Structure formats: C-alpha cells, structure tokens
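So the structure is just underneath, and the comments pick up after that.
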Amino acid sequence: MRIIKPAWLSHSGEQKDFEVYSCHISPDGKRLATAGGDGHVRVWSTEAIYNAHDPDYTKPRQLCHMSHHLGTIHSVRFSPNGRYLASGADDKIICVYHLDKSPATTTFGTNEPPPVENWKTYKRLIGHDNDVQDLAWSYDGSILVSVGLDSKVVVWSGYNFEKLRVLTVHGSHVKGITFDPANKFFATASDDRTIKIFRFTPPGPNATATDMVNNFVLETTISAPFKSSPLTTYFRRCSWSPDGNHIAASNAVNGPVSSVAIIERTRWDSEINLIGHEGPTEVCMFSPRLFHTVKPDSQDSGVNGAVKGQLVTVIASAGQDKTLSIWNTNTSRPVVILQDLAGKSIADLAWTPDGQTIYAATLDGSVVVVKFDEGELGWVARPEENDRALQKYGASRKGMAIAEDVQGLALENQSKEGESRAVESRMGALMGDATPGECTTKESTTTPMTNGARQPTAAAKPTTNGEAEAGKEAGKEADTRPDNGANKDDEKNKVKEMKARVTVGKDGKKRVAPMLVSSSGTGQSSLPQTQLVGSTSTSKSAQNETPQTTLDLTRPYEGLPKGGISTLLLGNKRKSVAMDDQDLEEPGAKRPANSNSAQAVANNADGSVEPATLVPPQHGIVPTPMFMRPAVLNPAVSFAQARLAVPKIRTHILRPLERGILKDDTTLEEASKTPENIILEAKNDPNPRDPSHVMVTKRGTLLWQEFLPRAVILVTANKNLWCVACEDGSIHTWTPSGRRLLNPIILESQPVILECRDHWLLCITAVGLVHVWDLKSQSSPHPPVSLGPILDIAIMSLNQHSALPGPGVTSAHLNSTGHVIVTLTNGDGFFYARDMYTWQRLSESWWAVGSQYWNSNDTSISALQSTAVGAASSSKDVTKDKDSSEGPTVSSGIIPFLERHTTNEFLLKGRAYALQRIIKNALQRREAEGLEGSVSVAHLENRIAGALQLGAREEFRLYLLMYAKRLGAEGARPKVEELLNALMGGVLQEKPQQQGKTSSGRGWYSEDDEICGWDRKELLKGVVMILGKYRELQRLTVQYARMLDLNLEEASVDAESMDVE
C-alpha cells in the first residue's frame, strides 16, 4: 500500500489552499477531476500523480482547469463514456463540459501555464433554486441526476440535457445520490433523515418531459437507520455495490454511535451496520470491482475451486473524524484504517476503474491517494463477474431476455396464444383451407369437406376490398347459381393438370413446374392485397360481389351531368357523350378509371369539337339525356374566392330509391327493376315560365307530387326525407309521405352538390360554401364553411395565369354524425372538424408513398380481433349504413374510402412519380428504417385521430390495436406508457387542481368510461394483451393487467405456446 499526497495536487490560492469538495476518476483511469472552493474544476493526469516522487518525470501534471461557476463547486462527475464532465455548485448551476479537439488558449490575466486539454462548456443546466450538492450519471449515461439544498431531485437527459423530471418528495436538503449498476433504481439521501429509492426506465435520445410523466416512480422510503442522525454533515454521499445487492448510506446511527448503514436490495432494510467511526460519516464508496478472497491462480479447477473463490465487495468510508476505513463483506472488522489522513473532514472518495486505488478529497485543500498492492484488498475479479452478478436483476439485457415474474410470463403466453390462432387462420386461408369471410364474420356457417378444408356457404361469401355483401343478396345469388358439382370437378381437373405440367429447362432436363397455391382457384388468400391491383380486376367474381348495403362512398355526388364537375369546369358549350349509367356501377375494368372526370372529347377534321362515341351498352339503347340550357348564375360567383361549376338544367331527372339509398340517374326501364321500385322524378319544362314537376312513384303508383316555380337542378333522398335544389338557389324538403318539412331554404348562390344521410342534409354552393343542417333538430352544427382552404386558394392565387388548374372537388359526403367528407382531384381527402372550425386532412399522397400501412385491408382484422380481448364487432358502427346485416368491416368506412380514392387519383393516374423520387432520394441520404418507420407510425396515429374525430367506432379500435402492435415491436416505451395511461382516462394522473370540478376534456383527455363508443377497460385489455409478449414492456403491462384483474394466475404456461415466435 502506498499513500501519495503531492503538494501540487490542490486548489491553491494566493493566501490559502481552498477546500476540495469533490473528486472523480474518468472511465479510462487517466484523468482525475477535482472541484474546490475557488470555483475551479481541475483535471489532472493520474500518471503524473503516480510518478509524483520521480524527479525525472516531466509530463504535464494539470491537464485543464475551468472556472465557469460563480461559487464553490460541490460535485464533479465524469459520464460513463468519458465524453462529458458535469459539475454542480452553489450558484445553482450545473455545467456540462466536453473535450474539444482544438488546441486550448491561455486565460488572460492568469499566471498558469496553458491547458494541455481543451475542456469547453457544452451546456449550462438551470433547474435548482439553491446549492447543487451532488451529481450522478446512470450507468448507461442516459440520464444525469442532480440534488441540492432546495430539496429537489432533478433528472436531466444524458443525450440533449433537457430537463425530464423534477421530483420534490424530500422534506429537507438532499445531499447524496447513487445509481443502481443494474440501471433499474437510483437512491437519494436527505437531511429529512430518509433515503428514497426511485424506479426508472432509461429514456431514449428523443425523450421529452411529457414522455417521462410516469417514469421515475418512488419505490420505497428508508428511514430506520437515520432516525437520530446529526444534521451537521455537509454531504450524505451514498454508494451502490457493484453486484447490485446493497446500498451503503453514510451518516447513519446505531444507537448513539455513528455508523454506515448497509441496505439490502429488494427488502430495503438495514440489518448490517459498519461501526467504528468516531464522528459522522460524510461519504462512503464501493469499489467498482468484485474481489476474490483467494488468488485465482491457486484455486483448484472444478467445483471445489468455485467454492474456495468467494467473491466479496470492498467499501471505503470517511467523514468528520478524518479517518478513512476500508471494509469488505468477508470480515466484520475493517481491512485498513487510516487515521488523521487529513487536517479536516474528508468530503469525497473516488475509486479507479481497476478497483485498486482510491482518491480522497479533503476540506484542508489536499487530495490523498491510497494505492493498494495486489492481494491487500483481495484479487480483482474479471469484469465478467460483475455482469454475471447483475444478470439476476435484468441488467445489460436489451429486450429483457427473461420474464421478470410469473405474471409477466402468463400475460405473454395469453398474448401469444391469441396470435398463434390468428396465424393458423391466416395460413389456412393462404393454403386454400378457408376464406377471409370466416375470419371476419362470426355469423358465417361452414360445411365440412372431405379434405379437411371448409367451404363457406352463402352467408360467408368472400368479400371484395373488405366490403361484405348483404345477406339477402348473397342468398339470392346462391339460389340462382348453377350447380357447383360440375364446377368443383372442373377445378380439380384444372389443379391436377397444373400440378402435372412439365417444362424443359435450358439443360434439356424435364421438370415439373411449381404451382402457385393462391392462383390455383382452390381458395382465396387472406394476405393483404394491394388496392392498386384490386381496382383494375376484371374477374367475374369481383363484379358479382359489389356491396349493396354498405356505405356508398365510391361515387361522387348525384345530380350533376355526366362527367361531374370537371366537365362543367371545361365550359358549358361542349355536348356530353351518351353513356350507359349502368356500366358506371360495375366495378373493376368495366368502369373507366376516370369515370368521375370529364368525358372523352374528339376533334373533327374541321377543328370543331364533338363528343367521342362510345360502344353501345348491352342492355339496349338508352336515349341521350337532354340538357336544355346552362343555369342562370348568381352575380356573387364573379367575385367569390372559390368558384364551382353549376350543373346544367336537364329535361328529366329519374333516380330510384333502393333500401333507403338513392341510386344514380337512370332510365325508367332500369329503375323499375329495383325490388322496391320507388322512383323520384323531376321534370323541367323547356319554357322557363312553366313550373317544374316533382313526383314520387312506387310500382307505377303516384305517392305524391308537387309543382315548383323554378327549374330543378339537383335531387337527393333517403328513407327519412326527399329534397330538391332549384336554379334560384332554393332548397325544398319533404317528409317520406310528401309533406313539406321546412320553408324553402334560400342560399347565397346555386347549389352544386346536394347530399343527405339519415336526418342530415349537405349542400355546397357555387361560391364554395358548405352548408350542413340537422333536419331532425332543425339546426346547423356549424356556420357555413368555405372550401377555400382545401382548394389551395392561397397557392393558386400567386399564379393567376398558370396553365395548371387548381384541385377540384370530386365528391362530398356526410357520415352518420353529420361530418362533411370531401375528396379532391389531387387525391387528398378532408373532413370538417366542426368543434374546431377547421378542415383536417385524413388522406394524402405522402402516406401513400411513405407508409408501410398503406393499402392494408381487412385481413388484419382477424389477426387483431383474435388476439385482443372484448367484443370484436358491434352494431353501433357509424361509418356503415344502418340497414347492413353483415358484421362491420373497416373497408366500408370513411378512412379506407378516402385512402382508396387517393390511390386511384394519385397513384393510378401517374401523379406519384415526383413524390416517389423525393422519398427515394431521402432514403439514400438517411437510414431507410428511420424514415419509413416514423412515417408508418405517423400514418397510424393520423388514422386513429381521424377515427376518433369522426366517431368511427370499429375503425378506431382496429387502428388502435394495429398502433399498439407497432409500438410494441419498436419498443417505444414512452409512447406505450402514454397510450395506456390515456386509455385509463386519466385515473393514474395527478389532478390536484381538478378536485371538485367536472372534466371538460374530450377524446383521450376525457374521464368518461367510454372512448369513441368503446369501454375503456375493454380497449385497454386488448392493448395489454397485444403488448404482453414484448418483454421489455412487461414491467409496465403487468401493472395494467393487475389493475384490470386479468386472470394471470391460472393462465396456462406451456413450452409450445412460448415458441410461437
């Protein structure tokens, strides 16, 4: 053992040596940092200290000194990676320094030599109201914790040094802080005579204070060893053992005697006390290494050697009695006692990384070094022994390789069982054993087949784009379908021929060509199919499976002439082309991709414009609709910001009403084929002075009629009302029996779009104003709103003479809650948030080219619903028509419709090339996973926000579970913690200011038992079950599972279910 006390190793001043309050060794052991009463942080070379008695040693002793504090510096600590050095002082400031590679310069006005190293101030952290007493870094460097005389414990990010949390749980000065080497806890010691243990999860580089709301939780408070401890010590520096088993706490008492309390982990009690100091102890410090009691080389190999080679920890303690004591856990007496080591109290201790040398900072201004020889404290164990000792506490294991407790393992198994069932169902569908209808429709009935596969009956017919067909129509098609026996034989023969198909390779050898299972016709794959392919499908089955009773959002507003708004925007002098409307109803390739845009126009040889001819439809010749004249425009259109084309005056408008949904304009012959045969007709007389005629017939019998003084432009209806819009901007409404419901509604200009749903009525006028009325309450949910913001008026006004037109409106609809849904020609989809008086974008091209969840269809429903807990379907779906008898499907909702519209308008029409190039270039410059992953998560969050705003119940649940699964896969603990807390409705949050008041929050911030029509607990169960298999989140999910009373005790735990993934 050598004691080194160089005279130059001090904070000397002109008249006296200043106190040295703190010291610390860098992780590489080459630098010693000291902090003193002179307001300086000094960095020394440890090599120069070890060679202090060698007169031939000429290398620099002091490497650098920093004087960026205005008072006494109480603590100085290197970060675990050695990159930063932090110091805290009585000026309430924490300075973080980093080593700059540029050469240092001499400080003006000082006689000291220029620094060897250039340590510069990187950050100044302001968060304390009084002296900063102690600092500590977590073992992974993710956080820095400071404590002070203001009774605060402040947590800073170790990446960007933002303030993450302020803990005010102590009742007096906090004077010590230490971290658990397993990185699970940290402990703080205070003059309120307690040590408090905090549990924490290491934050990520981008963590914010909002993400850390539920982190840094108080685990326990220890007060027994300190009940009568004196309050005269300057510090209460404590230390955690390198094996994670114990905490050594200074300034404890055992009766009237001062002691060091040894607190055992998990039990958090103190049955061991180190007694021997004559005065209160200020600091205690464990050596960072474990020690063998027997020299490893002399141990016998095998089991006997393991018994002899016991591992012990070494601890040093010092304080006001000026004595340094060294203890180990193998003896009851100190190994070394160094009395009168200094002239005043010892304020801080620091071990070198090899555990063989200790530095002591004293208040007499000196730094004493005690260097032990090999074997004096024991034989240093390899660093792997530290890691092995910490493994039982889950240290240094990313993703938690083992579950922490039985309940966490049970929750994981329950989650995996549900997921394995979903995988089996998807694989069965892939191999032709089942159809997607069996996964998503609980009411489907199956018929067993000889080969073990199940053939769905009419009730479980495969769906197109996730939209289920009505039961009656399915039954009708099943009755009119030819005998399936011959079809099955043909399919078997076809499969047999494909299996036996032989090809000859380049080498002349014959081989049996492989057969793609999903293309054999034996079954329909349930894997996600892209909507791009589905929109151009020409198969007959796709044509026959057009949904009849789901929400009809695939067509633009009814009532405009052929070609929609685009035709009218091109001018009123072109003649429309005769086209069979029935063909427009057919899906796939039979419907033109641009059926909602302008009709085809051809040029004659003489330069005149005439409509292009179309192939006559197979249903017979349909007469060309007659347009009498353009509508008389309101003068307000001339100076309006937004101008929409007004429909022309037609001679005859005829639209059938089927199951409460008004179909497109057609002929009397086709309309009479509908089952209910209810027809709304509007006839305009060629003479403007003669009235127009509105009548409703059922099976040829007149139900009611009325004559109007103005020409009718648009009509709409459902089972609750009839409505027409006239040329003069008036709207007339009637009840189902033909009784006038309201006086004529007078608008500022001519109606362009007229839609209704339930008791809601929507009208968009030529000046771009959107009106919505609730006819049941005879009120409007919001004032008229302009389409200007979504039509890019601000951008287009800068290029008034540009050849590129601005976006146009392709459709406008209402949902069951009266929200306005608008789609544009550029592919974007919007809805109007009436409570916020703003338009919000639900779908756009950015998600189409950047998100991994674009075109994700309904096949994911079965996987998530089988895993989650709670009802998988409900009749309360706000995005489907109320007459639908099938289970709710997400593709019948508004958000999937808007995304399909974006796909059709943006991708299929070749407009995505420029944005795809932007994405490709961005991926080349950055890490691809980071960009795609963040865009995908943002896309899911955008979906959830839209479903919550619209009240889309089923979609909200599906997207929420998809989002939870993605967060679990990425291990985004802050977002998972915030999501679970939000689903609890704020029960776990502190609400001291809201006591006695009713909560005014909505959505995530409401405290109701339901969110978006779902029971919060049921949703929380589903999310917890999905997250249960991710072990890095189990400490969080198990707490919620206990709160929800999930039956984890009786859960089956078997090896097979654990090997699913």
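Please read every residue number as a count from 1 along the shown chain.
Placement of Cβ uses the backbone N, Cα and C atoms for every residue, glycine included.
Since we're looking at a predicted model, the values are computed, not measured.
Straight from TrEMBL, the features:
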type	residues	note
COMPBIAS	414-424	compositional bias 'Basic and acidic residues'
COMPBIAS	442-454	compositional bias 'Polar residues'
COMPBIAS	469-507	compositional bias 'Basic and acidic residues'
COMPBIAS	517-552	compositional bias 'Polar residues'
COMPBIAS	593-602	compositional bias 'Low complexity'
DOMAIN	29-377	domain 'CAF1B/HIR1 beta-propeller'
DOMAIN	738-983	domain 'Protein HIRA-like C-terminal'
REGION	413-566	region 'Disordered'
REGION	579-602	region 'Disordered'
REGION	872-891	region 'Disordered'
REPEAT	20-47	repeat 'WD'
REPEAT	66-107	repeat 'WD'
REPEAT	125-157	repeat 'WD'
REPEAT	167-198	repeat 'WD'
Ask   = Mind checking how the repeat 'WD' (20-47) divides into helix, strand and coil residues in DSSP?
value = 2 helix, 17 strand, 9 coil
Ask   = Which residue counts does DSSP yield for the repeat 'WD' (66-107) in the helix, strand and coil classes, in that order?
value = 0 helix, 21 strand, 21 coil
Ask   = Short question: which residues 6 or more past the ends of the repeat 'WD' (167-198) have a Cβ under 8 Å from it?
value = 133-140, 145-149, 151-155, 216-223, 226-227, 229, 231, 233-244, 247, 249-251, 263, 268, 386, 390, 393-396
Task = Over the repeat 'WD' (20-47), work out the mean pLDDT and round it to an integer.
result = 91
Message = Within the same chain, where does the repeat 'WD' (66-107) have neighbours whose Cβ lies under 8 angstroms from its own Cβ atoms, ignoring anything closer than 6 residues to its ends? I mean 6 or more beyond.
response = 19, 21-28, 31, 33-43, 113-141, 144, 146, 148, 156, 158, 161, 235, 348
Ask   = Tally of helix, strand and coil residues over the repeat 'WD' (167-198) according to DSSP?
value = 0 helix, 18 strand, 14 coil
Message = DSSP-wise, what's the residue breakdown of the repeat 'WD' (125-157) into helix, strand and coil?
response = 0 helix, 19 strand, 14 coil
